[in-house]
Structure formats: structure tokens, C-alpha cells
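Undergrad: Just passing along the structure, written as C-alpha cells.
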Amino acid sequence: MTETSLSSQCFPMSVLNNTIAEPLIFLLMGIPGLKATQYWISIPFCLLYVVAVSGNSMILFVVLCERSLHKPMYYFLSMLSATDLSLSLCTLSTTLGVFWFEAREINLNACIAQMFFLHGFTFMESGVLLAMAFDRFVAICYPLRYTTILTNARIAKIGMSMLIRNVAVMLPVMLFVKRLSFCSSMVLSHSYCYHVDLIQLSCTDNRINSILGLFALLSTTGFDCPCILLSYILIIRSVLSIASSEERRKAFNTCTSHISAVSIFYLPLISLSLVHRYGHSAPPFVHIIMANVFLLIPPVLNPIIYSVKIKQIQKAIIKVLIQKHSKSNHQLFLIRDKAIYE
């Protein structure tokens with residue numbers, strides 16, 4: 001069956017709305033117009049997934065194992081890595097399944113679950129970046145009170161509040177998606193479930209879904225972005241009041257990693273929104289490739305940025321790798337000696 005026939009296939013309402021006995025089945029298109037080359041396109045995507053998963057896992061492992069990194073800044077960094085890791089994994093199975101194995105079918109419940117985690121972790125990343133901006137604000141503007149303001153208990157509360165916020169804004173969106181009826185095309189144009197993509201297939205009024213989706217966006221990234229901007233205005237004002245140019249440079253350098261992380265999250269998001277709004281003349285595969293790449297840019301680049309920019313992370317990674325290598329060699333020597341004496 002061709003992509004055109006799939007997208008035009010009609011399904012009776014009695015069958016489509018029988019979600020309890022037999023959940024609705026949607027078909028993931030992958031990259032429209034590039035079906036013949038999807039296998040080769042998947043290779044760089046797979047490499048990006050490997051880099052994202054291994055890089056963020058390394059950051060989490062290093063922060064967990066190295067006691068010198070048990071500080072507020074690195075706790076927030078581990079939150080960012082955990083979010084990036086989760087964001088990568090929640091689309092990995094369907095994306096590579098579509099590209100490699102033609103596994104295009106996904107039922108409505110699985111689709112809703114994937115959307116919940118996909119959009120939830122995206123909003124979570126925005127919240128973590130805001131928390132990291134607050135960390136930099138306190139470190140530069142109130143250095144003497146840094147450890148008393150950002151205690152372990154307060155950091156845990158910040159992380160929990162971001163999690164609760166995301167669940168609170170995403171749960172109504174998903175519940176109203178569950179109430180939709182679908183009566184025409186069952187083909188999703190991405191390689192994963194995307195909220196806007198799904199509600200456009202509905203044959204019932206989806207205005208409430210659109211409003212809830214917009215509210216979720218504005219109450220998370222729409223709130224976080226201005227707050228991050230405000231924090232850096234206050235940081236710049238504080239840094240410029242420092243008399244020594246060397247101290248000013250050091251203060252700005254402590255923010256470069258976070259500014260880079262904010263840029264690689266918000267700039268692709270803004271670019272993707274502009275392309276969707278104004279790039280109607282662009283081929284459909286351009287939109288889909290951009291959407292897939294956007295999901296992988298922050299998880300791939302964030303570990304690299306923090307590993308390169310922050311010397312403490314570099315030293316901790318090298319230390320952990322050396323210890324692991326030494327432990328492996330020691331075990332090999334023990335095995336060899338045991339074999340000799342036996």
C-alpha cells in the first residue's frame with residue numbers, strides 16, 4: 001500500500017471509536033518523499049542517538065561518583081543530562097523502528113504516552129535551564145550566600161516543582177486527546193507522535209486541544225525564556241559593577257556553558273516554529289528532518305559543551321576513566337596470577 005493510499009484511507013466511526021476493545025492504530029510516515037533513502041538517513045540519526053545517550057550517561061555517572069562535583073551547579077547539570085537522556089530515549093524506538101524495520105504502526109495509547117513524555121521532557125529541559133540561570137544569578141550576584149540559598153533540600157524542591165508543573169500542564173492535554181474521534185486519515189507525518197500532528201487528524205472540534213497545547217507552551221517555555229533573559233540582565237548589571245576587568249572576565253566565563261545550552265535549545269525551537277508558520281513552500285521532508293534534528297541537538301551538544309568548557313568535568317571524566325582502566329587491569333592481573341598458581 002502506498003503512502004498516498006494510506007493517507008487517504010477512511011475508517012468508519014464505529015471502528016475508530018472502539019478504543020477499549022481494539023485501540024486505534026496510526027501509521028508513522030517517517031520522512032515523506034524520502035522513503036527510498038530513509039535507511040541511509042537513519043545512519044547519522046543513529047550516531048547522534050549514540051552520542052546523546054553515551055554523553056549524558058557519562059555526565060550523570062561522573063557527577064554521581066565524583067564527590068568534588070556534589071555542588072548545586074553540578075546537581076542542576078545532572079538534571080539537564082537526565083532530561084536530555086530521557087528526551088532521546090522516548091523517540092528512539094519509533095524513529096529507528098520506522099527507518100530500519102518499517103515498523104510504522106502505533107496504537108493511540110502508546111502514541112499518547114509518547115507525546116506525554118516527549119513534550120513533558122521538552123518543557124522539563126526549559127525548566128532546568130531556568131533553574132541553572134537562577135544558579136548563575138545567585139553565584140554571581142550573591143556569592144557569599146550561595147551555599148545557604150541553594151541547599152540540597154531547596155535544589156530537590158526546585159526539581160520536584162518542575163516535574164509537578166510539567167505533569168500538571170501535560171495531563172489535561174493528553175486527556176483531551178483521548179476524547180478525540182478520528183474518521184479519515186490515520187497517517188502521522190513524523191517518525192514519532194507529535195501533538196499538533198495528531199489533533200489535525202481529528203474529525204471533531206479540536207479547538208480545546210489547540211488552546212490547551214498553547215497554554216502548556218506559554219506556561220512553560222513561554223514563562224521560562226523571559227525569566228532566563230531577566231536573570232542575565234541582572235547578572236550583566238552585577239558583573240559590570242566589578243572594578244577588575246580580570247574578575248569581570250572570570251564571572252562571564254562561568255556563564256558561557258549555560259548561555260550555549262540556552263541557545264541550542266531555544267534557537268532551534270524558534271527556527272522550527274518559524275519554518276512551520278512561514279515555510280509553506282518548503283517540501284514536507286524539510287519540516288520533518290528539522291523536527292527530528294531539533295530533538296537531538298540539545299542532548300548531543302550539551303554534554304560536549306559542559307565537558308569542554310568546565311575543567312572540573314574534564315578532570316572528573318579523566319579520573320573516572322583512569323580508575324576504571326586501572327581496575328580492569330588489576331582484575332586481569334589477578335586472573336592471570338590465579339591461573340599461573342593453579
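The backbone N, Cα and C atoms fix where each Cβ goes, and this holds for glycine too.
Sequence annotations record features per position, and here Swiss-Prot assigns topological domain 'Extracellular' to 1-39, 90-113, 175-210, 273-287. Summarising the annotation, Swiss-Prot assigns N-linked glycosylation site to N17. Sequence annotations record features per position, and here Swiss-Prot assigns transmembrane segment to 40-60, 69-89, 114-134, 154-174, 211-231, 252-272, 288-308 based on sequence analysis. The topological domain 'Cytoplasmic' annotation in Swiss-Prot covers 61-68, 135-153, 232-251, 309-342. Feature annotation from Swiss-Prot assigns disulfide bond to C111-C203; the stated evidence is sequence analysis.
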Undergrad: Under 8 Å, at least 3 Cβ pairs, sequence separation 6 or more: does that hold for the transmembrane segment (114-134) versus the transmembrane segment (252-272)?
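TA: These two segments touch.
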Undergrad: From the DSSP assignment alone, can you count helix, strand and coil residues within the topological domain 'Cytoplasmic' (232-251)?
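TA: Secondary-structure breakdown of the topological domain 'Cytoplasmic' (232-251): 16 helix, 0 strand, 4 coil.
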Undergrad: Where among the disulfide-bonded residues C111, C203 do you find the Cβ with the fewest other Cβ atoms within 10 Å?
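TA: The disulfide-bonded residues C111, C203 were compared, and C203 has the fewest Cβ atoms within 10 Å.
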Undergrad: Which state, by DSSP, holds C111 (disulfide bond): helix, strand or coil?
TA: helix
Undergrad: What is the three-state DSSP composition of the topological domain 'Cytoplasmic' (61-68), stated as helix, strand and coil residue counts?
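TA: Breakdown, helix to coil: 7 helix, 0 strand, 1 coil.
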Undergrad: Can you name the far-off residues of the same chain, 6+ from the ends of the topological domain 'Extracellular' (273-287), with a Cβ under 8 Å from a Cβ of it?
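TA: Those are 31-34, 189, in sequence order.
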Undergrad: Reduced to three states, what secondary structure does DSSP give C203 (disulfide bond)?
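TA: The three-state answer is coil.
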Undergrad: Checking distant contacts: for the topological domain 'Extracellular' (90-113), what same-chain residues at least six beyond its ends satisfy Cβ-Cβ under 8 A?
TA: 19, 23-30, 38-39, 41-42, 45-46, 49, 53, 121, 174, 177-178, 188, 191-193, 198, 292, 295
Undergrad: Do any residues, 6 or more residues outside the topological domain 'Cytoplasmic' (135-153), come within under 8 Å Cβ-to-Cβ of it, and if so which ones?
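TA: Sequence-remote neighbours of the topological domain 'Cytoplasmic' (135-153) are 72-73, 75-76, 231, 234-235, 238-239, 251, 254-255, 258.
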